[in-house]
Amino acid sequence: MGFLIRRLPKDSRIFRWLLILTVFSFIITSFSALFGMEKSIFRQLKIYQSIAHMLQVDTQDQQGSNYSANGRISKVGLERDIAWLELNTAVSTPSGEGKEEQKKTVKPVAKVEEAKEKVTVKPFPEVMGITNTTASTASVVERTKEKTTARPVPGVGEADGKRTTIALPSMKEDKEKATVKPSFGMKVAHANSTSKDKPKAEEPPASVKAIRPVTQAATVTEKKKLRAADFKTEPQWDFDDEYILDSSSPVSTCSESVRAKAAKSDWLRDLFLPNITLFIDKSYFNVSEWDRLEHFAPPYGFMELNYSLVEEVMSRLPPNPHQQLLLANSSSNVSTCISCAVVGNGGILNNSGMGQEIDSHDYVFRVSGAVIKGYEKDVGTKTSFYGFTAYSLVSSLQNLGHKGFKKIPQGKHIRYIHFLEAVRDYEWLKALLLDKDIRKGFLNYYGRRPRERFDEDFTMNKYLVAHPDFLRYLKNRFLKSKNLQKPYWRLYRPTTGALLLLTALHLCDRVSAYGYITEGHQKYSDHYYDKEWKRLVFYVNHDFNLEKQVWKRLHDENIMKLYQRS
């Protein structure tokens, strides 16, 4: 090498260095080939790869689910990522920020935007009958945005495609802003509902179905279905205290009636509604009523219930000629007062000797496990109305048969009042109306056919179903427990006995209550038919203290008579 350099002319330095670099490169290449090092040394020089191949290599390890079988980017994956980003932006927005923050979306990065323009749309394998097509992502996305809405944050309702804030009880200090009035004329379509429901959204085209995300799915023109789990406390609406009133029933002529006394009471004057609709039937049910009552959880409405089930049950309930059926049945024009005894199952009745006094009333109301045999001297024998929920009826027959309650009260003149507290009540009532076995999983272990619980002369004209409006009115105005402001608000409802007593106060002129909780209840067993003393346990699903206070006040204001022991 030195010899060659010395023989070169001095003015050829450029040529000399080029020769040195060439020889040096040749030597390095030769040694690399011998030891297999050419890949690592020249790997950085491979820069002429296609954009599609780079996306495949760079991304496939991180998001393999976003790719189709042939290695090209799947439109489904891109749309899922965008929906996921938009959803997380909405969820992470602090509640104190304005509505503009809730509408914020994330724009995809430039590399994804470039790739989306030339993607091949490949549907999921389970989507049958859809041919693979190549389409512009931008146009598909635009069509999709018109048909889809992002899943809202809990506490946010969807109405006509616009997001509105659902009021929660904790926001009462700003009541005007905290309540929402929906449009009842709007048909309801339930998101992610697999049940056979009434209103169905228009079927989207196959291309839209194919690209709909699986996990972070947007709903196609569907109003968000209200769920109790989305509310930390009982939701409040600006129509929460509005009810259907009845103007067709006769007016009481009794000057000492509950209505007359309530009108003179400073406490009840603005609370008591003497003409509220008590019972529901097919004439009270339509799409508008479904939309309204779907905002309230059972027994106060239809939240989370299936429209088809509710509609089938309601359509089979015969119309009630009169809501005030006792006043309508009064045959005399002479001013008389209708007296009613409402018999609870409290231990205070044990050895009370109230049986004869109870039977002296015009009508006697009994509830759930109304054991009579062996306790006639304490609770009487007469029954005019029997109130229950599906569960309280079947469980009482199951658990109290050995104590004498082997069948529900039956007779020619007995009427039944059903308080529909949950979906199982609608399933049970449907089976009763159709005279069929109840569906498996809905109280069927207590007996398959509900009609077997009634006598052979049973007709639906003897069967009354409490209107959800009426039950919500009782809860809102008389038994609004503080438990409704707690996370377990959905568990609370007034006791079945409380619902029956308040129903009697809206049907009768004079009411006497027996076997209800009073001061000093600790001295008595839970039930009058208990063979051994059992303490009354206060569970969160009922508010016995509140009921005790209400009964005491009604008694003190001479609205009703409450049986108490000194």
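Keep in mind that glycine also has a Cβ here, set from the backbone N, Cα and C atoms.
Owing to the predicted nature of the structure, the values given are computational and were not obtained by experimental measurement.
Long-range Cβ neighbours of Cys337 (disulfide bond) (same chain, at least 6 residues apart, Cβ-Cβ under 8 Å): Cys254, Glu256, Ser257, Asp509, Arg510. Taken from Swiss-Prot, the feature disulfide bond covers Cys254-Cys337 (among others), and the record attributes it to similarity to another entry.
Sequence-distant neighbours of Cys340 (disulfide bond): residues of the same chain at least 6 apart with a C-beta under 8 Å from its C-beta are Leu326, His361, Asp362, Tyr363, Val364, Phe365, Ser384, Ala504, Leu507, Cys508, Arg510, Val511, Ser512. Per Swiss-Prot, disulfide bond is recorded for Cys340-Cys508 (among others), and the stated evidence type is similarity to another entry.
Per Swiss-Prot, N-linked glycosylation site is recorded for Asn66 (among others), and the stated evidence type is sequence analysis.
The N-linked glycosylation site annotation in Swiss-Prot covers Asn132 (among others) and is backed by sequence analysis.
If you look up Swiss-Prot, you'll see Asn192 (among others) marked as N-linked glycosylation site, on the strength of sequence analysis.
The feature N-linked glycosylation site is assigned by Swiss-Prot to Asn275 (among others). DSSP assigns Asn275 (N-linked glycosylation site) to coil in the three-state reduction, outside any helix or strand. In this view, Asn275 (N-linked glycosylation site) is surrounded by 16 other Cβ atoms within 10 Å of its Cβ, with every protein chain counted.
Here the Cβ of Asn286 (N-linked glycosylation site) has 12 other Cβ atoms within 10 Å, regardless of which shown protein chain they belong to. As annotated by Swiss-Prot, N-linked glycosylation site applies to Asn286 (among others), with the evidence given as sequence analysis.
Counting every protein chain shown, the number of other Cβ atoms lying within 10 Å of the Cβ of Asn306 (N-linked glycosylation site) is 18. Taken residue by residue with DSSP, Asn306 (N-linked glycosylation site) is part of neither helix nor strand, so it is coil. Look at Swiss-Prot and you will find Asn306 (among others) tagged as N-linked glycosylation site, backed by sequence analysis.
Counting only same-chain residues six or more apart in sequence, none has a Cβ lying under 8 angstroms from the Cβ of Asn329 (N-linked glycosylation site). What Swiss-Prot records for Asn329 (among others) is N-linked glycosylation site, and it gives sequence analysis as the kind of evidence.
Taken from Swiss-Prot, the feature N-linked glycosylation site covers Asn333 (among others).
Annotation source Swiss-Prot lists region 'Disordered' at 138-161.
Per Swiss-Prot, the feature region '2 X 8 AA repeats of S-S-S-X-V-S-T-C' maps to 247-337.
Taken from Swiss-Prot, the feature repeat '2' covers 330-337.
What Swiss-Prot records for 1-16 is topological domain 'Cytoplasmic'.
Feature annotation from Swiss-Prot assigns transmembrane segment to 17-37.
Of all the disulfide-bonded residues listed (Cys254, Cys508), Cys508 sits in the most crowded Cβ setting, with the most other Cβ atoms within 10 Å.
Under DSSP, Cys340 (disulfide bond) is assigned to a strand (E or B) in the three-state scheme. Secondary structure at Asn329 (N-linked glycosylation site), taken from DSSP and collapsed to helix, strand or coil, is helix.
On the 0 to 100 pLDDT scale, the topological domain 'Cytoplasmic' (1-16) averages 58 in the predicted structure.
Under the three-state DSSP scheme, Cys508 (disulfide bond) falls in the coil class. You'll find the Cα of Asn286 (N-linked glycosylation site) roughly 21 Å from the Cα of Asn275 (N-linked glycosylation site).
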